[in-house]
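Student: The structure follows.
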Amino acid sequence: MNEPTTTDDGDRPTTPPGAGAADRPTQPDPATTAADRLAADASPAADSATKATDATADTPAAAETTAATADTPAATDDGHVDSAGRTNGGWFGGATAPPNHPPSRGPDPADQSTTAGWRTDDAQTGAYVESDDRGNNGRSGHRGNGSRVGHTDNAGRNGGHGSNDRGGAPTDTSAAPPRPGVLGRLAGASYRRRGRVIVAWVVAIAGAFGLSAAFAGDFTADYSAPGSDSREAQDLLEQRFPAQSGDTIDVVVKTDGTGVTDPEVQADVTALLDALRAQPHVVAVDDPYATPGGISQSGDILVATVNLDVVLPDDMPVEKTEELLAMAADAERPGLEIALGGQTVALAEQGEIGSEAIGMAAAAVILLITFGSVVAAGLPLIVAVAGLALSGALTGVVAALVDVPDWSTALATMMGIALGIDYVLLMVTRFREWRAAGLDPERATVATLDTAGRAVMVAGSTVMVSMFGLFAMGLSFMQGAALVTIVAVLVVMAAAATLFPALLGFFGRWVDRLRLPLGRRRRTTAQLAAGGHVEPSRMWLRWGRLVDRHSIIATVVGVGLLLALAAPFLGVRFGFPDAGNNEEDRSSRQAYDLLSEGFGAGANGPLLLVADLDGPGDEAALPALAEAVTATPGVAAIMPPAVNEAGDAALLTVLPATGPQDAATEDLVHTLRDDVLPGADLEVHVGGVTATSIDSTENTAERLPLLIGGVVLLSMVLLLVSFRSIVIPITAALMNLLSVAAAYGVVALVLEGGWAGQLIGIDTETPMPAFIPVLVFAVLFGLSMDYEVFLISRMREAWTRTGDNARAIVEGLAGTGRVITAAAAIMVAVFAAFIPSPEVFLKVIGVGMAAAILVDATVVRMLLVPAVMHLLGRANWWLPSWLERRLPQLHVEGRPELYLPDAEADAVGTDVRGAGAPELVPTR
């Protein structure tokens, strides 16, 4: 048998003419892999790495390896090796395979074989060498104690497998790869039992609807802060003044100049009020002609208060409120304007607030553009619809257990749709990549869930961690909103882990069927499998290299843009929007304006002073209390004290000189509590809608730092365990906070009521509800972590495979840029569907989230994250050894190398040690 000789550079053994086919190494393949070309462009350190290899080769340890290789007889023509131990794809030299290595493999019939060697030097430090170009010896990577690795990719036409014949190496190289993780096994079971899984989901949805029909509760929300002074006032009202403790409706009447005391007008008004008294849920109706302060000083406007038997506006059936509105409309005539106002009326007028159809339609269009295939686009929609049906039915059950505001159902629905589509979008993309690598549909399904599925579970967990943070606020309506959203996220995660693999069992082979002629036609999965390449966009490859070359400029631009967007938040004014911010054609807005015109701005936000009387002496002190309150700056008027029948409580109604949203009204509340009421020798609490809003805002502002700190800390711990890095969790938290700050700034800008506000229907200056920043933070921080997990998991795959930070960043960006952009577009479309809602809360949430997702997926993930990671270099992946030993193993990126059999691995040109996805080749 011919002995191999050595070239002049001493790097690669050659064989003389006439050697066997298996002995002859081919010339380097001119079609170098995109990953290698990428490394050459993206990593300036590549040349220095090559030089390090050459220097290492001169060491005694390296020379020993070279000599040992040169003395080894060449492989036989059948692709096997002789007893000396030279292998095509096996381990030799008395060393076992490294723990992360795939089982040994031999030449492939498709002209691609890999020769790998492993040798142990007892007390030496060897150089870690890997192949970069086919047919060439590789460059130095890093040093390890007592071992040396060499990889050379050679072309061959003979099949065969390496043996392990020297130094006590393992004799069984054909052992099956380790079992997939839990998600992979669950996916395999769902794939094989797909019919049963589909039936189980149908039964679960039907059961949830049945459960909801039997036990669903009413949607209600208590915005008062527990333990606050306004809460105590409300409790005292409910106990001592049951008739006044319920919600109220204002009946406001205005004449065209005849005056409200005109006999004809008075007869019409009296008839309307009598009809209202006979309606369900109406406890009492004041007589404005007999009540002090019921008629304005001008005499052309009056107000009558309708007391209801419901404590909260959400408790009043909408259809009953609509009947009252119809009665008022019927009573109107030329010269007589009648409007009903109050929170109950405003709630009934907002109508349906869901925009699921708009969000789903927009998502469908984006999916079709992204995949170009009806089947591929349909899979995320099917999963999202199933998740929406199940979580929507369970929401009613949750409402029976805790307070759930009506608008939170729309929030949970949109979160479910957006996350369901985004998660499955990511997994469909990964499934197509595995199919392109040559895996059959079942194996590709298992690989998808064991890699991308792990990222989905971590991403969903971060969203739930963020939503759990809302429980720290101590507000029941926030806890209800958080709970229904968590249910929606859990259902989406369950659907991604079980329903999606089952659907692939039916449609996986035809994922590229029913293609649409949308622009340039991309190669199908079958074509990719034949060609052996996954097609990332050339645009993202170029963009990644551009960010690498100009990382400092990219960082400065990204941070500057985010800070500029956040700037308007510095001038934000917190408070609760009221009927004055509603559209002008609504009855609630018309009543609000008429009250301000006839009785002053404070008439829309009266303060209720509730005194707890212990005896006759306390009742005698009421006139002095009223006098002291009247003399307080900012008080426009005060109604005479009303004592209940038991004589143990008194109620004083105070009209501020300013409106409910005015900062002067908030100052008045604090003045009464801190300066006036303590000197009254009575226990008096300040309540009412305005005082409740003020207390809730202050309570939320005090607890917001606790929420932010807790959510950020928990998310950092999760990322630390997931990516085994100290730097990545810190930079991720900082960048997510910048994204949230930018969202706050956009929200503050539209609430100013200028040109930005008019674009979405906010034409007056509107205060920002204090719970909006809380909700926006909780939701956006979780969603931002989603994109961080998707991006960093692919970067870590490449880092694990190559050890090259620059290459890992560019590969991760190229591999996820398209899917993150599509996912962000879907999220933006889904949340933008909030904007047409008549509810100001939902408008604000929609604007904030849509803007933040757009900024996060573009400025942060595609610009700032890669730029900062380029600047930090290898420090991105640093973890102290003591912490490494103590952290649990949680591989977000999974073990992709387990799913690349010999032929498929060689076909896609992956590294022998490859822990990553199939090789990325730019499109032309």
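Each residue, glycine too, has its Cβ placed from N, Cα and C.
The compositional bias 'Low complexity' annotation in TrEMBL covers 17-76. Residues or ranges marked as domain 'Membrane transport protein MMPL' in TrEMBL: 223-551, 642-880. Feature annotation from TrEMBL assigns region 'Disordered' to 1-181. The transmembrane segment annotation in TrEMBL covers 197-216, 357-376, 381-401, 407-426, 455-475, 481-507, 552-576, 704-723, 730-751, 771-792, 813-835, 841-864.
Could you give the neighbours, burial and distances for every feature on this list?
Tutor: Averaged across the domain 'Membrane transport protein MMPL' (223-551), pLDDT in this predicted model comes to 83.
Within its own chain, the transmembrane segment (357-376) has Cβ neighbours under 8 Å at 384-385, 414, 417-418, 421, 425, 428, 432, 507, 510-516, 518, 521-522, 818-819, 822, 825-826, 829-833, 836, counting only residues six or more beyond its boundaries.
For the transmembrane segment (381-401), the list of distant contacts is 201, 204-205, 208-209, 211-212, 215-220, 356, 360, 363-364, 367, 409, 412-413, 416-417, 420-421, 423-424, 480, 483-484, 487-488, 491-492, 495-496, 499-500, 503: same-chain residues at least six beyond its ends, Cβ to Cβ under 8 Å.
Residues 219, 353-356, 359-360, 363, 367, 370, 379-381, 383-384, 387-388, 391-392, 395, 452, 455-456, 459-460, 463, 477, 480-481, 484-485, 487-489, 491-493, 495-496, 500, 775, 779, 783, 786, 790, 819, 822-823, 826-827, 830-831, 833-834, 837, 839, 841-842, 845 of the same chain lie 6+ residues outside the transmembrane segment (407-426) yet bring a C-beta within less than 8 angstroms of a C-beta in it.
Sequence-distant neighbours of the transmembrane segment (552-576) (same chain, 6+ residues past either end, Cβ-Cβ under 8 Å): 223, 660-661, 663, 693-694, 696-697, 701, 738-739, 741-742, 744-749, 751-752, 765, 767-770, 851, 855, 859-860, 863-864, 866-868, 871.
Tertiary proximity for the transmembrane segment (704-723) is limited to same-chain residues at least six positions away from its ends with a CB under 8 Å from its CB atoms, namely 458, 461-462, 465-466, 469-470, 472-473, 729-730, 732-733, 736-737, 773-774, 777-778, 781, 785, 788-789, 792-793, 796, 887-888, 890, 892.
Beyond the transmembrane segment (730-751), the same-chain residues lying 6 or more positions past its ends with a Cβ under 8 Å from any Cβ of the stretch are 559, 562-563, 565-569, 571-572, 708, 712, 715-716, 719, 757, 759-760, 762, 765-768, 772-773, 776-777, 780-781, 784-785, 788, 792, 844, 847-849, 851-852, 855-856, 860, 864-865, 868-869, 872.
Using a Cβ-Cβ cut-off under 8 Å and counting only residues 6 or more beyond its ends in the same chain, the transmembrane segment (813-835) has close neighbours at 38, 355-356, 358-359, 362-363, 366-367, 369-370, 410, 414, 417-418, 421-422, 425-426, 429, 536-537, 539-541, 543-544, 547, 760-761, 783, 787, 790-791, 794-795, 798, 842-843, 845-847, 849-850, 853-854, 856-858, 861-862, 866, 917, 920, 922.
Listed as Cβ neighbours of the transmembrane segment (841-864) (distance under 8 Å, sequence separation of 6 or more from its ends, same chain) are residues 353, 407, 410-411, 543, 547, 554-555, 557-559, 561-562, 565, 577, 735-736, 738-740, 742-744, 746-747, 750-751, 760-762, 768-769, 772, 775-776, 779-780, 783-784, 787-788, 791, 813, 817, 820-821, 823-824, 827-828, 831-835.
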Student: For the transmembrane segment (455-475), could you work out the same-chain residues 6 or more beyond its ends whose Cβ comes under 8 Å from its Cβ atoms?
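Tutor: Sequence-distant neighbours of the transmembrane segment (455-475): 183, 223, 225-226, 415, 419, 423, 426-427, 481-482, 485-486, 489-490, 492-493, 496-497, 696, 699-700, 703, 706-707, 710-711, 714-715, 718, 722, 771, 774-775, 777-779, 781-783, 785-786, 789-790, 793, 890, 892-893.
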